[in-house]
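Colleague: Pasting a structure here, questions to come.
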Amino acid sequence: MESYGADRREGEGEGEEEMVAPEGSEMRRRSAAAAAAKEVETREGNGEAAASTMMSMSVERVFEGKRVPGWREQLTLRAFVVSFVLAAMFSVIVMKLNLTTGIIPSLNVSAGLLGFFFVKTWTAALDRVGLLKKPFTRQENTVIQTCVVAAYDIAFSGGFGSYLLGMSERVANQTTEANDPQNVKDPQLGWMIGFLFVVSFLGLFALVPLRKIMIIDYKLIYPSGTATAHLINGFHTPQGAKLARKQVITLAKFFVISFAWGFFQWFYTATDSCGFQAFPTLGLKAYANNFYFDFSTIYIGVGMICPYIVNVSVLLGGIISWGIMWPLINNKKGEWFSADLPPTSLHGLQGYRVFISIALILGDGLYNFVKVLLHTVTSLVAAARKGRTSTLPVSDNGSPITTDNPVSFDDERRTELFLKDQIPQPVAYGGYVLVAVISIVTVPHIFPQLKWYYILVAYVFAPVLAFCNAYGCGLTDWSLASTYGKLAIFTIGAWAGASHGGVLAGLAACGVMMSIVSTAADLMQDFKTGYMTLASPRSMFVSQVIGTAMGCVIAPCVFWLFFKAFKDIGLSGSEYPAPYAIVYRNMAILGVDGFGSLPKHCLTLCFVFFAAAIVINLIRDLVPQKVARFIPLPMAMAIPFYIGSYFAIDMCVGSLILFVWEMVDKAKADAFGPAVASGLICGDGLWTLPQSVLSLAKVQPPICMKFLSRQINDKIMIIDYKLIYPSGTATAHLINGFHTPQGAKLAMKQVTTLAKFFLISFAWGFFQWFYTATDSCGFQAFPTLGLKAYANKFYFDFSTIYVGVGMICPYVVNVSLLLGGIISWGIMWPLINNKKGEWFSADLSPTSLRGLQGIIPSLNVSAGLLGFFFVKTWTAALDRVRLLKKPFTRQENTVIQTSVEDSVTTY
């Protein structure tokens with residue numbers, strides 16, 4: 001386990017891959033083991049040497065003097081109250097992640113940490129007033145962990161961002177096939193809760209009879225369950241409790257920062273494409289191709305938790321798709337697909353995005369399904385040959401092993417208590433049959449397209465598939481629930497047929513199958529955690545049942561809040577695009593209709609990327625680990641193919657932060673990195689709750705911060721807003737007037753007048769020069785209003801240039817300047833100067849204030865007039881000798897005037 005955690009950031013082994021299976025519960029299992037194992041290593045490397053050394057020798061000897069509570073004592077009211085609060089909080093977070101990108105990191109560490117903190121605070125407060133009756137034990141902590149994870153897992157496995165939302169009319173309207181009423185079912189709170197209740201519990205009964213074989217006889221690892229157990233055991237040592245308190249404080253700090261940042265951003269999102277999430281940080285061209293940093297703290301936190309190879313793979317997928325492929329395919333508009341199609345049509349560019357991403361996902365899923373299946377079969381055969389006495393069917397590298405080691409104190413103690421509280425076999429078998437019958441009767445009433453015999457066949461094969469999934473998960477920590485769900489989409493959808501609602505039947509069957517195989521693997525993970533923390537299997541089972549029931553209510557309510565508050569959920573390009581909703585729906589369409597609806601050359605590209613996913617995975621498994629950790633993950637690369645790379649940049653920023661932190665202080669980064677990441681995720685995730693309430697209350701943000709190109713901005717200013725721009729309008733009227741016969745005559749007289757006064761002004765300047773031998777000499781130092789006034793900068797300096805400026809500027813500008821001079825130089829400065837020696841030192845040298853400078857009047861009229869005169873003289877001369885080829889137009893006059901003005905203002 002320790003080597004697994006250590007390899008998390010290097011991306012070694014198969015662990016990092018689970019972080020990016022966005023459409024199934026397998027994604028979180030890998031990250032759970034990685035994060036929790038990392039936490040264990042941190043605790044062992046940060047001052048807990050004595051305790052960790054003891055625990056590494058024998059964990060149970062550390063707790064040997066403590067009584068293990070009975071299974072009923074482990075199920076406390078406070079545990080389920082805390083579980084409910086945490087389940088609601090994490091369901092909101094998971095739902096937001098589910099509806100944005102589908103990437104959901106493991107929140108197991110956060111759940112365990114917060115569960116420990118809340119109950120520990122609760123019991124400490126009761127202990128101070130003498131009301132504490134039951135101490136907080138690691139078994140109770142395990143119950144909380146199990147309940148919370150079971151509850152918020154429904155927010156993901158319930159299909160709210162995939163198969164369930166894919167049934168809706170909103171998603172169906174983005175396709176052109178199978179969007180008729182019999183293949184559409186809009187979400188409603190009632191039927192969603194009912195559906196989840198009748199399909200989510202079956203998996204809990206499917207493998208209960210096999211728990212001893214899986215946990216004790218085969219001693220399967222279940223890395224996530226093992227790592228979580230180490231984490232909980234560590235919490236309940238004195239040193240572990242101290243570190244946990246510091247981590248919670250860190251988490252709280254960054255939770256507040258992230259929540260406040262989300263609130264601040266909200267003020268600038270008055271309409272679509274407004275605010276920081278639409279900030280073109282890399283330029284407008286990159287923004288148009290979904291390359292930008294959107295200041296999302298939630299995905300910065302995700303990036304800090306995900307392995308580096310995951311973040312790099314996602315970014316690489318975005319570069320390949322949005323940076324290269326989609327622009328090239330878009331250039332084939334009109335040739336490969338009609339140029340008149342709307343952007344969301346799956347017969348156009350959108351079709352390539354969706355189906356190529358599906359090809360990558362299916363290629364990666366198929367490869368790993370076959371790989372885990374072969375691994376499972378090989379291990380079962382090896383175990384059967386060597387007998388049940390084999391302690392572990394496979395070693396860490398996958399090869400069969402045998403051990404003749406004596407049973408350790410830990411194993412002896414754990415096995416004794418694990419077998420003490422048996423779950424009666426009739427409860428398991430009877431529960432499976434009862435829930436199956438209820439489901440077979442009820443589900444067809446919710447989905448008439450999904451016939452009862454489709455469900456019966458699924459439930460006949462479900463225990464076998466659940467066993468394969470749970471066994472493979474125990475070996476590799478890889479749950480293939482989404483792969484079995486896709487299998488149900490294709491088989492049941494094709495069986496039902498297009499004319500009988502095959503698309504909706506396939507999506508509903510996906511939900512049925514995913515729920516069974518996912519919860520069965522989850523329960524075995526929890527049994528492993530309970531085994532290692534001495535929690536009773538009965539308390540684990542009851543906690544899982546209660547957590548699942550909580551999730552069946554909380555998750556649909558949270559989704560319903562999102563669905564009602566944000567009207568664009570599921571729409572491409574929106575804040576909540578729910579990319580896997582349209583992906584799953586199109587898988588169902590492919591299963592029913594085949595490939596005839598794909599755009600030109602799309603099928604060929606799909607085959608190429610399907611094969612590429614298999615080849616890349618094969619190479620990763622064949623080359624040495626030091627090379628494999630640099631090879632990207634096809635599943636991660638597939639995510640941005642549809643929705644873009646903006647979140648990948650956020651995740652890479654998170655990786656960069658953690659990388660720099662590890663370079664500066666690795667011990668602190670290991671200890672507090674998960675807490676910082678969890679705080680960022682939880683703060684931004686929970687801000688969605690008040691944001692939804694504000695949206696439902698019709699409270700709109702007051703400001704829209706939007707970025708436009710110069711061309712679009714000019715269009716808005718000139719055409720849409722019809723702003724006057726007086727100087728530009730006057731100059732245009734002047735130029736238009738020049739180019740009329742009457743205007744040309746008047747312009748000639750104006751130029752003659754301008755030339756006269758130009759000569760007068762030039763000669764006057766030359767004349768003044770003779771009297772400026774030194775500073776403060778000449779007419780510009782003439783005390784026309786007296787020496788006292790001159791000392792206070794009040795005098796006429798005979799400057800023809802500012803006389804001319806005064807003739808151009810509006811009267812109010814000139815009067816305002818004079819008034820400002822009177823207030824400052826006539827009143828304020830003399831009064832302040834009288835405070836010399838009191839307000840400031842009398843010994844300071846006087847500073848020379850140069851007066852008003854830099855007043856540049858509008859020279860537009862002069863530029864237009866002189867431009868007209870010079871070119872008109874030029875063209876007249878050429879016309880007289882018959883060399884004129886192009887007449888002088890008002891458009892050319894405008895170009896001259898604009899160029900002169902730009903040159904002057906630039907100077």
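Using the three backbone atoms N, Cα and C, a Cβ is placed for every residue, glycine included.
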Colleague: Scan 103-122, 663-682 against TrEMBL and say which stretch is down as transmembrane segment.
Modeller: 103-122
Colleague: Do any residues, 6 or more residues outside the transmembrane segment (75-97), come within under 8 Å Cβ-to-Cβ of it, and if so which ones?
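Modeller: 103-104, 107, 110-111, 114-115, 118-119, 122, 134, 140, 143-144, 147-148, 151-152, 154-156, 160-161, 298, 302, 539, 542-543, 546-547, 550-551, 554-555, 558-559, 562, 576, 681-682, 684-686, 688-689.
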Colleague: Establish whether the number of Cβ pairs under 8 Å between the transmembrane segment (503-521) and the transmembrane segment (602-619) reaches at least three, counting only pairs separated by 6 or more residues.
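Modeller: No, the transmembrane segment (503-521) does not contact the transmembrane segment (602-619).
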Colleague: Please give the sequence-distant neighbours of the transmembrane segment (427-447): residues at least 6 beyond its ends with Cβ less than 8 Å from one of its Cβ atoms.
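Modeller: Non-local partners: 185, 191, 194-195, 198-199, 201-202, 204-206, 208-209, 455-456, 459, 463, 504-505, 508, 512.
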Colleague: Could you check whether the transmembrane segment (639-661) and the transmembrane segment (541-563) come into contact, where contact means at least 3 Cβ pairs under 8 Å with the two residues of each pair 6 or more apart in sequence?
Modeller: no
Colleague: List, by number or range, the same-chain residues at least 6 past the transmembrane segment (602-619) whose CB is under 8 A from its CB atoms?
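Modeller: The answer is 351-352, 355-356, 358-360, 362-364, 366-368, 371, 595, 628, 631-635, 638.
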Colleague: With pairs closer than 6 in sequence left out, are the transmembrane segment (143-165) and the transmembrane segment (541-563) joined by 3 or more CB pairs under 8 Å?
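Modeller: Judged by the Cβ rule, the two regions touch, with the required three close pairs present.
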Colleague: Using a Cβ cut-off of under 8 Å, list the residues of the same chain at least 6 residues beyond the transmembrane segment (452-472) that approach it.
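Modeller: For the transmembrane segment (452-472), the sequence-distant neighbours (Cβ-Cβ under 8 Å, at least 6 residues beyond its ends) are 202-203, 206-207, 210, 214, 220, 372-373, 375-376, 379-380, 432, 436, 439-441, 443-444, 478-481, 484, 488, 492, 495-496, 505, 509, 512-513, 516-518, 520-521, 524.
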